[in-house]
Each structure stands twice: as C-alpha cells, then as structure tokens.
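One structure below.
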Amino acid sequence: MFIVPQFKAFGLLPASDVVQLIAEKHLFPSLNTCNFLLTSLVKSNLLQKAHEIFNILRRGVQPDVYLFTTAINALCKDHKIKEAMALFSQMEEIGVSPNVVTYNNIIHGLCKNQNLQEAFHLKEKMIKKGVTPSLNTYSVLINGLLKAQNYNEAQSVLTEMTSNGFLPNEVVYNTLIDGYCTQGDMKKAIEIRNDMSSKGLNPNSVTFNTLIKGFCNSNQFEEAEKLLEEMLSISLTINAGSFTSIIHWLCKLSKMDSALRYVHEMLLRDLKPNDKLLTMIVTGLCNQGKHSEAVNLWFKLLEKRFFPNIITSNALIHGLCESSNAKEVIKILKEMSQKGLHFDRSTYNTLISWHCKEGRFEEGFQLSEEMGKKGISPDTSTYTSLINGLCQKGKMDEALMFFEKCKTKGLTPDVSTYGVIIEGFCKCDQIEKGKNLFNKIVNEKMEVNSFIYNSLIRGYTRMGDMKEAIRVCNEMKSKGIQPTSETYSSLIDGHCKIGCVKDAKLVIDEMRELSLSPNAVCYTVLINGYCKMGEMDKVEAILGEMCSYGINPNKITYTVMMDGYCRLGETDEAVKLLGEMKEKGIVPDVVTYNTLAKGFSKEGRIEDAFQLNQPKIKNDKMLQCKILSLLQRTNKECCKVYLKKIELPNDYHIRN
C-alpha cells in the first residue's frame with residue numbers, strides 16, 4: 001500500500017503516525033515497507049518508537065527474519081536484553097529461523113550486558129542450528145572478553161576464528177592490542193601487532209596511537225617515541241594524546257629541542273597542545289636560555305589562533321625578565337594588549353619585580369599604581385618587589401616605610417619580604433640591623449631560608465669578618481639548610497680579600513665533597529686571589545682544574561689573569577691570554593683593554609699597546625678616551641705618543 005519514497009517524503013515520525021492510524025482500520029503496509037520503516041527508526045536511534053511500530057505491525061503482518069532481527073537489534077541497543085531474548089524465542093516458536101545477523105545482535109547485547117557466558121552459549125547454539133559464525137560474531141565476543149579483562153580467553157577465540165578461515169580485520173586486532181595495553185602487557189600487544197603485519201594487514205593510526213598510549217602508561221617512553229617517529233615517517237594521523245604524553249616526558253627530562261620539534265609537528269596538524277603543556281614547554285625553554293625559541297612558539301600559537309592563556313604568557317614574560325630581555329618583553333606585552341589578553345596580578349608582579357631588580361623603582365611603582373586602577377589589589381609579593389627596589393638603591397628608610405604600609409593593608413610580610421630587607425641592610429654595611437631583623441623573625445618562628453643566610457654571610461665577608469661569616473654558615477648547616485654555590489662563593493671571596501687564598505681553595509674542595517659544582521665565578525674569585533699574591537703558577541693550576549671539570553673561563557677570568565701578569569711585568573703572557581680569549585670567541589671589553597694598556601704603560605711600550613689594540617680602538621672613541629685617561633695618570637710620555645696615533649672626539653680635553 002505504501003511505498004518507500006512516500007515514507008521519505010513524510011519523515012519518520014509522521015510516517016509512523018500514519019502507520020498507527022491506518023492500522024486501526026486494519027490496513028498495513030507491505031512487508032518491504034515495514035522493514036524499511038523499522039530499519040530507518042533504529043538507524044535514527046528512535047528505539048522506543050521502533051518497539052511501538054513493531055508491535056503494531058505484527059498484528060497484521062507476518063514478520064520475516066529481517067523484521068524480527070531489526071526489532072531485536074532495537075531492543076539490544078536500548079539495553080532491553082531480556083525482552084530481546086524473549087522475542088528471539090518467539091521468533092523460533094513461530095518457525096522463523098534466525099540468521100547470523102540475528103544471533104550477532106543478541107550476542108552483542110549480551111556482551112554489552114557483561115553476560116559473556118550466555119553469549120558463548122548462544123554462539124554454540126547457532127553452530128548447532130547450522131548457522132556459521134561470521135567475522136562480526138568473533139569480533140563482538142573478543143571485544144566483550146577484553147572489556148571483562150579475560151585476555152587469555154580472547155586470544156583463544158582469535159585462534160578459533162583463524163582456524164575457521166576468518167582473517168581478523170584491523171578492528172579485531174586493534175581491539176586486542178588495546179586490551180593488552182590496558183592490562184600493561186606491552187610485550188603481548190607488540191606480538192599482536194606483529195601477527196597483524198604477518199597477515200598482510202598494515203597497522204593503522206588507531207594501532208599506533210593505542211600502542212603509544214600503552215607504552216606511556218607503562219613508563220616506556222623511549223619505545224613510545226620510536227613509534228611516534230615511525231608514524232611521522234609514514235604520514236599516519238597522530239592524535240593529540242600521543243604527542244602530549246611524549247612531549248611531557250621530554251620536558252621532564254629537559255630535552256627541550258625534541259619537545260619543541262613535536263610541538264611544531266602538532267601545530268602543522270592543527271592540533272593545539274593543552275595549556276599546562278604549553279606552560280611547561282615555555283618554562284623549560286626559558287630555563288635553558290632558549291628565549292627566542294619560546295618567543296617564536298608563542299607567536300606561532302597566535303598565528304594559528306591557538307591563543308596562549310595568561311599562565312603560559314606569564315611564564316614567558318617571567319623568563320624574558322629573568323634574562324633582562326627588555327625588547328622581547330615589550331614586544332610580548334604589546335601583542336597581548338592588541339589581542340585583548342588581559343594582565344593579571346602575576347603579570348604585574350613579574351614586571352614590577354623585574355623593574356625593581358634592574359634598579360628602575362619608578363617604573364615598578366607606576367606599574368603598581370596601574371595595577372590598582374585596574375582593580376587588581378597588590379599582594380605581599382607586589383610590596384616585596386617594591387621594597388626590594390628601594391633596598392637596591394640603598395633607600396632603607398623608604399623601604400621600611402613600605403614594609404609598614406604592607407602591614408597596614410592587611411597583608412602579612414613573608415620570609416621573602418624580610419629577606420630583601422636583611423639583604424638591603426647588609427649591602428649598606430648596616431649588618432647589625434640585618435642581624436637584629438634576622439633574630440626577630442627567628443624568634444617569631446618564621447622559617448628562614450638560604451637566601452637570608454647568604455645575605456648575612458655576604459655582608460660579613462664584605463666587612464672582612466670571616467669569623468662571623470663562618471659562624472653563620474655553620475648555623476645554617478645546623479638548621480638543616482644546605483649551603484648553596486652562592487654561600488661558598490661569598491666565603492671564597494671573603495678569604496681572598498683578607499689574603500687567605502689557601503683557605504679559599506679549601507672551600508672549593510669542600511664544595512666538591514658536597515657534590516656542589518663550583519662555577520666560573522667561584523674559580524675566578526680564587527684566581528684573582530692568587531693573582532694579587534703574584535702566584536701565577538697556582539693560577540695556571542687552578543685554571544687547569546677548572547677546565548678539567550668542563551668549566552670554561554669567561555671574560556672576567558681572562559681579564560683577572562691578564563692583570564696578574566701585568567702586575568708582575570709579564571705583559572707578553574697577558575697578550576697570549578688575549579689571543580687565547582679571542583680564539584675562543586670571547587670578546588674583550590674596555591676593562592680588558594684598560595688592563596693591557598696599564599701593563600704596557602708601566603713598561604713604556606705604548607707602540608705595542610696601540611698595535612695590539614688598533615682594530616678595536618680605531619672604531620671605539622670611548623675606549624680611546626678611557627685608555628688616554630689611564631695613561632695620563634700612569635705615563636704621560638706614553639700618552640703624548642698615543643695622542644699622535646688617534647683622532648679624539650671634539651669634546652675630549654687633556655689634563656695638564
């Protein structure tokens with residue numbers, strides 16, 4: 001009576017209503033039309049309507065195997081497995097033999113309902129009835145077993161399936177691989193993948209992504225990375241999760257170049273790394289001094305319209321501020337403003353801290369005012385940075401006023417706040433005030449950190465009071481606070497200042513015993529101590545030790561050694577060091593040239609000084625003036641010779 005095109009024109013629900021209406025008049029569509037309508041309802045997930053229509057149709061139409069199978073499928077999809085089994089029995093009772101699809105629907109429903117025993121019983125029944133299981137039958141059973149974590153039984157079903165002439169497809173293999181990966185049995189998962197390949201089936205994206213996830217969950221990240229590289233080489237689709245897990249692992253190992261390469265691979269595929277991962281990458285790059293790479297990544301994200309969140313942006317700003325890269329900081333801030341990325345308290349605190357550390361207190365204070373105007377209340381960290389800025393300038397009275405202001409705002413100064421004030425007192429040679437404040441916070445049971453102890457130690461070494469410096473260091477150790485490289489650098493410097501270079505060398509040895517690696521600063525201070533004592537043989541020995549540990553001398557190290565040789569009148573040795581310095585790509589500065597000029601002037605070798613420095617001096621009028629000023633103080637005859645060699649700025653005047 002009804003034909004398929006009419007159902008398409010009506011739409012499923014109106015068509016169903018029409019069927020219900022005419023059924024009341026004892027009129028029914030043809031069996032083909034009934035099958036089409038019921039199948040369409042199930043495909044559209046209109047399961048309840050499908051139940052209703054089936055019950056109406058069977059009053060006037062003798063259902064065939066297809067109509068029964070579709071109705072059973074609807075019940076199974078609707079998790080009504082008991083009703084599906086009942087309908088299955090009715091079907092057999094009226095002599096309609098179920099086909100393989102009918103059995104598969106019931107088996108699938110039973111597996112989803114975790115009734116695996118009944119599912120296998122039904123499989124045996126279908127074989128007895130002469131219905132051969134299909135590839136889908138085995139796939140459904142394997143999937144059910146894997147979800148129930150019955151991996152060995154799943155393997156048995158796979159073996160049975162193969163022996164019956166069914167070649168498992170990618171879905172079956174991937175399901176098995178996923179099961180073993182979930183169990184953490186990566187050896188078995190790889191065996192399944194190899195079996196898959198041996199059967200002529202190429203592992204696909206699902207296979208690889210599943211294996212990568214499994215290896216990552218089993219902490220076998222090296223194997224996961226190998227698979228990721230294989231996927232890249234054969235251009236398979238890689239999901240974000242595969243990239244993310246491996247990038248996270250590489251960041252933890254500080255392998256930032258590899259991590260960054262995979263991030264760019266993600267961006268090429270229009271996959272956005274999550275915010276937490278981006279923050280980790282930016283922080284890692286900045287910690288390794290790869291600020292340009294971090295900046296380029298940030299702008300690449302903007303280009304892809306994957307806007308970094310404020311936490312990631314703050315991490316980049318912090319890294320750039322730590323490296324004093326003002327140009328890039330301004331560039332990032334400008335771009336953030338243009339893109340409507342609003343600064344938060346952390347942004348402002350980072351910028352205020354940076355300005356104050358660089359001695360730009362006025363800029364820091366302006367930012368704190370701007371922060372307030374935008375409704376962002378300054379916190380303890382804000383005030384600590386401002387106090388630090390004042391302390392850096394030696395304005396201790398103003399710093400203490402800000403300290404009191406912080407408390408009137410209801411904020412509690414923390415150990416960092418006290419720390420910068422103590423450091424300020426020590427720098428201003430008001431160490432007793434610093435010590436008194438230290439005693440106060442100790443009495444208040446505040447936990448003191450290495451920064452505060454280092455400030456006190458540095459203060460005492462500045463005053464040449466090594467006895468007190470060592471006492472504070474020992475107190476630090478007794479409190480369970482491990483001395484840092486900075487602690488020992490101060491002690492080395494203090495010993496050298498009072499001529500106790502042997503004691504300074506013992507401090508270096510102590511650092512080694514504590515597995516603290518002395519840096520170039522520690523060694524340079526020690527070298528300077530030996531240079532001042534004229535013990536250049538010891539200098540060479542220390543330099544050799546320094547290099548043996550992979551610590552390269554820097555510009556200051558070379559300049560200090562050159563000064564040592566010049567003091568002894570061994571200027572030619574100093575010249576050799578200048579050549580070595582240049583060979584290593586270390587650019588001499590005005591202090592280096594002044595050191596040499598002073599050495600040559602003592603020996604009356606101004607011509608040698610000029611010839612040696614000519615390439616640099618010729619284009620550096622400021623350097624010329626500095627050398628002339630030095631010569632005027634040390635050797636006026638050399639100064640006159642030197643004046644004939646160069647052209648001075650118009651505003652330079654010779655002192656009589």
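Indices start at 1 and increase along the chain as displayed.
Keep in mind that glycine also has a Cβ here, set from the backbone N, Cα and C atoms.
TrEMBL entries are annotated by machine, without manual review.
Listed in TrEMBL:
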type	residues	note
REPEAT	64-98	repeat 'PPR'
REPEAT	99-133	repeat 'PPR'
REPEAT	134-168	repeat 'PPR'
REPEAT	169-203	repeat 'PPR'
REPEAT	204-238	repeat 'PPR'
REPEAT	239-273	repeat 'PPR'
REPEAT	414-448	repeat 'PPR'
REPEAT	449-483	repeat 'PPR'
REPEAT	484-518	repeat 'PPR'
REPEAT	519-553	repeat 'PPR'
REPEAT	554-588	repeat 'PPR'
REPEAT	589-624	repeat 'PPR'
The repeat 'PPR' (134-168): DSSP-derived helix, strand, coil residue counts: 26 helix, 0 strand, 9 coil
For the repeat 'PPR' (449-483), sequence-distant contacts whose Cβ falls under 8 Å of one of its Cβ atoms, 6 or more beyond its ends: 415-416, 418-419, 422-423, 425-427, 429, 431, 434-435, 438, 490-491, 493-495, 497-498, 500, 514, 516
Counts by DSSP class (helix H/G/I, strand E/B, coil) across the repeat 'PPR' (169-203): 27 helix, 0 strand, 8 coil
Distal contacts, the repeat 'PPR' (414-448) - CB-CB under 8 A, six or more residues away: 380-381, 383-384, 387-388, 390-392, 394, 396, 399-400, 403, 406, 455-456, 458-460, 462-463, 479, 481
Non-local residues, at least 6 beyond the ends, that sit with Cβ under 8 Å of the repeat 'PPR' (519-553): 485, 488-489, 492-493, 495-496, 499, 501, 504-505, 508, 511, 560-561, 563-565, 567-568, 570, 573, 584
Close approaches to the repeat 'PPR' (239-273) from elsewhere in its chain (Cβ under 8 angstroms; 6 or more beyond its ends): 205, 208-209, 212-213, 216, 221, 224-225, 228, 231-232, 280-281, 284-285, 287-288, 290, 293, 297, 300-301, 304, 306
Secondary structure content of the repeat 'PPR' (204-238), with strand meaning DSSP E or B: 26 helix, 0 strand, 9 coil
